[in-house]
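Peer 1: Next up is a structure, given as structure tokens.
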Amino acid sequence: MGRAAGVLLGGLCSGIKRLPGVQAGAGLQYCLQVNRTPVRQCSFGNSTNDDDERALLDRIIRVDHAGEYGANRIYAGQMAVLGRSSAGPIIQHMWDQEKDHLKKFNELMVAHRVRPTVLLPFWNVAGFALGAATALLGKKGAMACTVAVEATISDHYNNQIRTLMERDPEKYRSLLETIKKFRDEEMAHHDTGLEQDAEQAPAYFILKNLIQVGCRTAVYLSERL
């Protein structure tokens with residue numbers, strides 16, 4: 001009789017876990033005894049928490065990859081116009097760092113099996129067009145674009161750093177180190193743009209605000225699509 005009850009209760013326990021109203025991750029465990037003998041343990045794992053952590057990591061890597069990809073295309077567009085000018089070496093230096101950033105996020109996407117945003121082909125064209133269009137305004141126009149883009153990316157990285165620090169800084173130590181390093185380099189690009197007279201570009205504040213609105217929209221969409 002004890003064995004039969006154990007089998008019945010074990011099956012019931014397994015069935016409970018499959019019910020749509022039962023939430024996993026609650027840490028609830030049942031251990032029922034028949035004739036003082038443990039029969040079956042029914043436990044609820046932390047699948048909900050694991051799913052949340054996975055979604056967070058996917059979102060961060062996907063959007064950062066998209067951002068670095070877009071930045072690469074912007075600098076490519078600027079170099080196509082200003083590559084032979086006095087601004088060429090400055091732009092090339094910043095572009096080389098962006099290439100390193102993109103390479104790292106390409107590696108992280110493979111390592112964590114994260115798919116790229118479906119908007120990548122659009123950012124390919126839009127990024128190059130933005131870089132080339134602002135470069136046609138001259139060096140100051142290109143630097144104004146750099147200031148706007150890098151300020152937005154730096155703020156975005158800072159938000160990610162705060163989120164990961166609140167979650168588990170030790171667990172995400174490697175990713176945090178990467179993001180902090182890239183954030184510092186993006187801020188250096190921002191400062192370079194200001195040093196190269198970005199604020200003297202035609203309609204600087206209008207241009208900067210328009211570009212930043214576009215960047216924030218790109219971040220929002222790339223996180224989700």
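Placement of Cβ uses the backbone N, Cα and C atoms for every residue, glycine included.
Look at TrEMBL and you will find GLU68, GLU98, HIS101, GLU186 tagged as Fe cation 1 binding site. Look at TrEMBL and you will find GLU98, GLU150, GLU186, HIS189 tagged as Fe cation 2 binding site.
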Peer 1: Taking every protein chain in this structure into account, which of the binding-site residues HIS101, HIS189 has the most other Cβ atoms within 10 Å of its Cβ?
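Peer 2: Neighbour-count leader: HIS189.
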Peer 1: Cα-Cα separation of HIS189 (Fe cation 2 binding site) and GLU98 (Fe cation 1 binding site), in Å?
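Peer 2: Per the Cα atoms, HIS189 (Fe cation 2 binding site) and GLU98 (Fe cation 1 binding site) stand 10 Å apart.
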Peer 1: For the recorded Fe cation 2 site formed by GLU98, GLU150, GLU186, HIS189, name the remaining residues of the chain with Cβ within 8 Å of the site's Cβ center, in chain order.
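Peer 2: Not counting the recorded site residues, we get ALA71, MET94, GLN97, THR146, VAL149, ILE153, SER154, GLU185, MET187, ALA188, HIS190.
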Peer 1: Near GLU150 (Fe cation 2 binding site) in space, meaning Cα within 10 angstroms, which of the binding-site residues do we find among GLU98, HIS101, GLU186?
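Peer 2: The binding-site residues passing the 10 Å Cα test are GLU186.
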Peer 1: Ranked by the number of other Cβ atoms within 10 Å of their own Cβ, which of the binding-site residues GLU68, GLU150, GLU186 ranks first?
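Peer 2: Most Cβ neighbours within 10 Å: GLU186.
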Peer 1: When you measure from the Cβ of GLU98 (Fe cation 1 binding site), how many other Cβ atoms are you left with inside 10 Å?
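Peer 2: Its Cβ has 25 other Cβ atoms within 10 Å.
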